[in-house]
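Annotation comment: TrEMBL describes 23-309 as domain 'Sugar phosphate transporter'. Residues annotated as transmembrane segment in TrEMBL: 12-31, 43-66, 78-96, 133-152, 158-186, 198-219, 231-253, 265-287, 293-312.
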Amino acid sequence: MAPTSKADRKAALDAAAWMFNIVTSVGIIMVNKALMAKYGFTFATTLTGLHFATTTLLTLVFRWLGYIQPSHLPLSNLMKFVLFGNLSIVGMNISLMWNSVGFYQIAKLCMIPVSCLLEVVFDKIHYSRATKLSILVVLLGVGICTVTDVSVNMKGLIAAIVAVWSTALQQYVSKYGLSIICLQYVHFLQKKYSLGSFNLLGHTAPFQAASLLILGPFVDYWLTNKRVDAFDYNITSVFFIVLSCTIAVGTNLSQFICIGRFTAVSFQVIGHMKTILVLVLGFFLFGREGLNLHVIFGMILAVLGMIWYGNASSKPGGKERRPSYTSPADKSQKLALLAESGDHSDKV
């Protein structure tokens, strides 16, 4: 009777973590888009700084409760993480501000081919024919959306490109002239310096908050020609700002809760669900912004390519290292991390 009770408890916790991650990840996109598009808070950099400031408060609570133990992370690695992390998350939020929800979400799928390119260059990963074809389908779908989505502008396109590349680069640590790095940056730092997920968040969140809150108002003024201190703060806009910060903490927390709890396949399913939910909710909440038959076809094609890629790359021979041997456990671990790479930008 006890094993059944234990299994039921684990299943309930898994379901709760699954729903927590999906609700917060999708919710932050919807709230941020509403805040920027409907209430005119076009200060994506400062908003991201507020998110990390709130997250820093959470890490202080965790440290007080004993969940975060004293640890060390070299300043050079910390600064590298903060640099790419800020570019990634700010780029995503700016992309959301300047683009439709649909194009914002579809552009994030470009992290699949970008991450694959980095793995080919740095890790000498070999992909099967089916995996390569699935990547081409993703690129084709994104390309159709980019060309035919009338809401896409040059500023939004540049923001999306910067966000995708910085997110992919954040997941890799490259030591110039040294050996090839085979794991994503987050996992690399955790393994090398024996850092738990909360420990790493405790190191990085304060620096990201400080840097973004100091530079944010200047960057936002340069991007929008508007001053954050001159914004008309009313009850509704302040409520959405607070709501955005609260959900952002939940998003960051849910990412760490899910790490290690789910398999690579589960990560992929979660990612697929979030992509489809964002596209559907974006359509219902924000109307037919830039939507036409060509864009719908491109979205469907890109999503199908994403699902095909997840299935093809997880099969034997779909994705393997050459010439050195990679164990099935390592491949599964890397696949889980890559499946999360599209959601890594959910850290806000």
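Cβ atoms here come from the backbone N, Cα and C positions, even for glycine.
Panel annotation: around the transmembrane segment (198-219), residues 43, 45-50, 52-53, 55-56, 58-59, 62-63, 67-69, 71, 73, 78-79, 81-82, 85-86, 90, 186, 189-190, 227-229, 252, 256 of the same chain, lying at least six beyond its termini, place a Cβ under 8 Å from a Cβ of the stretch.
Over the domain 'Sugar phosphate transporter' (23-309), the average per-residue pLDDT in this prediction is 78. For the transmembrane segment (12-31), same-chain residues at least 6 beyond its ends with a Cβ under 8 Å from one of its own Cβ atoms are 96, 101, 104-105, 240, 243-244, 247-248, 250-251, 253-255, 257-258, 261-262, 266, 270, 273-274, 277-278, 281-282, 285, 343, 346, 348.
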